[in-house]
Amino acid sequence: MSQLLHLHRLSLPQSSLRFRFPPLHRRRAASSPTNSTQPPLQFRPLTVSRSQITCRFSQSDITPQFELDKAKDNRKPQKRANGIFWIILINLGIYLADHFFQVRGIKSLYLYHNFPAWYQFVTATFCHANWNHLSSNLFFLYIFGKLVEEEEGNFGLWLSYLFTGVGANLVSWLVLPRNAVSVGASGAVFGLFAISVLVKMSWDWRKILEVLILGQFVIERVMEAAQASAGLSGTIYGGYSLQTVNHIAHLSGALVGVVLVWLLSKFPSASMDQDVKKSS
């Protein structure tokens, strides 16, 4: 039995039963650098300068968004037409106060050619003889007034309406007899028509054809409305006769509108100045 144990010990040497590792201090010495003067390792937070950061995008990823932003910037902001509705409401209010409620002193807003007050040249553009006269003027006032306001803004609309209306009344006062009375926005309507045509006009045969057809329609309708107000042609207010058709006001209103556009074209617009500054 002792011989068997002795043989077993000989067949299984001690070196085969153990896993030998180098000592810990030797492993550290082997892994550490030979230069003992090198400072120990220090852990620093990860920092990257901005100049080292580069982002790469493909053109297909960035171009569509750029084009969308550019289209939004170039899109013309839409202007809400509010001034024309205020002008229409003022005309309606004065008509109701004159013909329905018969407010005392409302007829002092008419333009009496014999001895006119300075404000009557303005207020007469908001007065009308009857409903046919008012409804026809308001129809074309809305169409052409909205066109002018979309291009020139609220202030431009009021300036055009008052300038052409006052100009038409002034020419009528100079030409018509002294016992005449002038009311109506027909002069301002023709003035707004001329301004809208000149502002939006482009030298295209389609646009010219539209202007000719629409201009003839406007003239006919306004003349019919003026003829429809013939019921007041013989009405006398303290020795004054209300004129039926004021052709002078119609033509002078359109002429004043042309003059207004010509005068405004002499002044550079704010948008042109901004474009020049941006380009420089």
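Every residue, even glycine, has its Cβ placed from backbone N, Cα and C.
When the ranges 118-140, 210-232 are checked against Swiss-Prot, the one recorded as transmembrane segment is 118-140. Topological domains recorded in Swiss-Prot put Tyr112 on the same membrane side as Ser265.
When Cβ-Cβ distances under 8 Å to the transmembrane segment (118-140) are tallied for each of 83-103, 155-175, 179-199, the top count falls to 179-199. Residues 83-84, 87, 111, 113, 116, 120-122, 124-125, 145, 148-149, 182, 185-188, 190-192, 195, 246, 248-250, 252-253, 255-257, 259-260 of the same chain lie 6+ residues outside the transmembrane segment (155-175) yet bring a C-beta within less than 8 angstroms of a C-beta in it.
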